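Okay, so TrEMBL annotates it like this:
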{"type": "ACT_SITE", "residues": "H39", "note": "active site, proton donor"}
{"type": "BINDING", "residues": "32-39, 149-152, V178, 186-189", "note": "ATP binding site"}
{"type": "BINDING", "residues": "Q63", "note": "beta-alanine binding site"}
{"type": "BINDING", "residues": "Q63, Q155", "note": "(R)-pantoate binding site"}
Amino acid sequence: MKTLRSIEEWRREYVRLKEQNYHCKIGLVPTMGYLHEGHLSLVKQARVECDIVVMSIFVNPLQFGVNEDFDRYPRDLKRDQALAAKLGVDVLFVPELGEMYPQEPLTAVTVSGITEVMCGQSRPGHFTGVATVVTKLFNIIRPDYAYFGLKDAQQVAVIQQMVHDLNIPVIIRPCPIVREEDGLAMSSRNVYLSAEERQQALALNKSLQEGKALIKQGERDTDKIKEHMKAMLLSQPLIELDYIDIRSFPGLKALESLDGVKGQVIVAVAVKIGRTRLIDNVIIDMGEERVHV
Ligand SMILES: Nc1ncnc2c1ncn2[C@@H]1O[C@H](COP(=O)(O)OP(=O)(O)OP(=O)(O)O)[C@@H](O)[C@H]1O
Ligand SMILES: CC(C)(CO)[C@@H](O)C(=O)[O-]
Ligand code: BAL
């Protein structure tokens, strides 16, 4: 596995790869590092359908609010290199801040509407930061495929919309959420949790399972479903609720009732536990009564 630090090094590698095999398929797995099984599942999916797998590691300041955890976000390049190499990543692209942003950018990519709800409401500017850096990564790496986890389902919706609206020539592959054995969605931020916080964090998935069960039993009033979920979450004293939301997916339209809804619906939660913000969701296919977790 090669670790490349500069855009120029990747450009040379790209030319070399295309000279060897013009038709080689390049897959990109964008991450902020501190890898876990969730990230690795994206690499496994990329390995299946791409000749070359590039993983980027870049903690993007543009997507963090002023009071968020940019400075303390976990970083461990040596550990990430070992994990990525073991899994068969071909190129680890790890640009420094100055490589991605030699000066303050005057250009940003903003997707409207679907970025103004859920995490977009709690983290103003977050999705513009994400869309801008992902556009830069697409322009730098020029992947045929890019892999994103559905733990960040709103991010998937935003990127798919952006790729569609701007005719970006890349195929987006959304990948299922990977969970710990006890149901907690894997996240780099789980390392922030104390043992007690970690235990109470199980309420996220439990509340989503409760919401899903109510829908399967025929409950169609989204306020009632949210009330049940809220009670479960707030039974944990360390949990502070950010939001519980039930919307169409990927359009993220508000739904008061699920009556007559045929497409996919997302049930999403965001909480703070101590200083740590965690998100999780479940996507339910109402048409076929298929449930993706
Ligand atoms: N548990 C998971 N299952 C599947 N994909 C995941 C999981 N966790 C993260 N990913 C995906 O990995 C990619 C990189 O995410 P990122 O590096 O931000 O990791 P993270 O664990 O989500 O970190 P954070 O704690 O910041 O949310 C994203 O597409 C994200 O959705
Ligand atoms: C897609 C991403 C790498 C952009 O910084 C980030 O938002 C993430 O890790 O999900
Ligand atoms: N995985 C989403 C990146 C963020 O929380 O900033």
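Every residue, even glycine, has its Cβ placed from backbone N, Cα and C.
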Which recorded positions from the set H39, Q63, Q155 come within 10 angstroms of V178 (ATP binding site), judged by C-alpha positions?
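Matched recorded positions: H39, sequence order.
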List the Cα distance (Å, whole number) between Q155 ((R)-pantoate binding site) and S188 (ATP binding site).
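For Q155 ((R)-pantoate binding site) versus S188 (ATP binding site), the Cα atoms are 16 Å apart.
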Round to the nearest Å and give the CA-to-CA distance linking G38 (ATP binding site) with Q63 (beta-alanine binding site).
20
Pop the Cα-Cα gap between L35 (ATP binding site) and Q63 (beta-alanine binding site) into the table, whole Å please.
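Distance between the two Cα atoms comes out at 19 Å.
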Please report the distance from the Cα of L150 (ATP binding site) to the Cα of H39 (active site, proton donor), rounded to the nearest angstrom.
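Approximately 11 Å lies between the Cα of L150 (ATP binding site) and that of H39 (active site, proton donor).
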I'd like to know which of the recorded positions listed (M32, L35, H39, Q63) lie near ligand 1, counting only a CB under 6 Å away.
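By the Cβ criterion, which requires under 6 Å to ligand 1, the hits are M32, H39.
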Among L35, G38, Q63, V178, S188, which binding-site residues lie by ligand 3, judged by Cβ under 6 Å to any atom?
Q63
Looking at the recorded positions L35, G38, H39, L150, V178, S188, which have a C-beta within less than 6 Å of some atom in ligand 2?
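Going through L35, G38, H39, L150, V178, S188 in sequence order, none turns out to be close to ligand 2.
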Around the Cβ of Q155 ((R)-pantoate binding site), how many other Cβ atoms lie within 10 Å? Please give the count over every shown protein chain.
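By my count, 23.
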According to DSSP, does S188 (ATP binding site) fall in a helix, a strand, or coil?
helix
